[in-house]
Amino acid sequence: MTTGLLQGKRGIITGIANNMSISWAIAQLARKHGAELCFTYQSEILEKRVKPLAEEVGCNFVSELDVTNPESITNLFAEVKEKWGTFDFLLHGMAFSDRNELKGRYIDTSLGNFNNSLHISCYSLVELAREAEKLMNDGGSIVTLSYYGAEKVIPNYNVMGVAKAALEASVRYLANDMGENNIRVNAISAGPIKTLSGSVIGDFNSMLRSHAATAPLKRNTLQQDVAGAAVYLFSQLASGVTGEIHYVDCGYNVMGSNKIVG
């Protein structure tokens, strides 16, 4: 491993579901840049996927994290404090909504799924940031993952668009709250990527085709594109950057209209 932008830094990586996850690509690049990592998993099923990936990059700190359970959050940070004392960066990479409601009309969203989607996809950032602040004694960086559906209507994205809008607003408010402790909070708004979570969105393949045809770079966003931006935001190169929504979408967000692809 060569010396890199994150040499001597420690970070928590959440949101890995498999080897196609954006969080996994970020973890791989962070390790290449010298970071020591803690991987989290949400359930026993995901533990079986996450642990081999952690081993692949020489990470032996793997811990359970269920953001719907306050005790689980407390336990994670207690373990981080015991093993590391302090740490430097956090990736908030989780999002969830009932796949049956990621199609059709937003107006048909159920109360239960609305609350669950906002809790897991947005409020979890607030909870993790609150605990992280206690252990980021020398400042730090928190990065979360968003999508263009936070600001424009994307067919079938529905309640996730509302959750991502709340997430982006939370980034700005958290950046203000935590700035006095030199903790930076930013979001990466990535283009659509073939991941486990992306695949549950109705007509996702059409979304990919339209994105590639419309974006100035004429391609879809890759996990590695997002990973590079995340490592930059974790590093001292971004020491003056906070409260930002950083687009990594091959330029899609600057376009005024979509190209229709059959």
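Any Cβ shown, glycine's included, is placed from N, Cα and C.
Copied from Swiss-Prot, the annotated features are:
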type: ACT_SITE; residues: Tyr147; note: active site, proton acceptor
type: ACT_SITE; residues: Tyr157; note: active site, proton acceptor
type: BINDING; residues: Gly15, Ser21, Ile22, Gln42, Asp66, Val67, Met94, Lys164, Ile193, Lys194, Thr195, Leu196, Ser197; note: NAD(+) binding site
type: BINDING; residues: Ser97; note: substrate binding site
type: SITE; residues: Asn205; note: site 'Involved in acyl-ACP binding'
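The structure, with features from Swiss-Prot marked on it.
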| residue | record | DSSP class |
| --- | --- | --- |
| Gly15 | NAD(+) binding site | coil |
| Ile22 | NAD(+) binding site | helix |
| Asp66 | NAD(+) binding site | coil |
| Met94 | NAD(+) binding site | coil |
| Tyr147 | active site, proton acceptor | coil |
| Tyr157 | active site, proton acceptor | coil |
| Ile193 | NAD(+) binding site | coil |
| Asn205 | site 'Involved in acyl-ACP binding' | helix |
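Ser97 (substrate binding site) sits 14 Å from Gly15 (NAD(+) binding site), taking the Cα positions as reference. For the pair Asn205 (site 'Involved in acyl-ACP binding') and Ile22 (NAD(+) binding site), the Cα-Cα distance reads 18 Å. Comparing Cβ neighbour counts within 10 Å across the binding-site residues Ile22, Met94, the minimum falls on Met94. Just so you know, the Cβ of Asn205 (site 'Involved in acyl-ACP binding') picks up 11 other Cβ atoms within 10 Å once every protein chain is counted. If you take the Cα of Ile22 (NAD(+) binding site) and the Cα of Tyr147 (active site, proton acceptor), they are about 13 angstrom apart, rounded to a whole number. Recorded residues Tyr147 (active site, proton acceptor) and Ile193 (NAD(+) binding site) have their alpha carbons 10 Å apart, per Cα-Cα distance. Within the same chain, residues at least 6 positions away in sequence whose Cβ sits under 8 Å from that of Thr195 (NAD(+) binding site) are Ala17, Met20, Ser21, Ile22, Gln223. Long-range Cβ proximity for Tyr157 (active site, proton acceptor), meaning a same-chain Cβ under 8 A and a gap of 6 or more residues, is found for Leu102, Tyr147, Gly149, Ile201. Same-chain residues at least 6 positions away in sequence with a Cβ under 8 Å from that of Asp66 (NAD(+) binding site) are, in sequence order, Gln42, Ser43, Ser72. Applying an 8 A CB threshold to same-chain residues 6+ apart, the list for Ile193 (NAD(+) binding site) reads Ile22, Asn220, Thr221, Leu222, Gln223, Val226.
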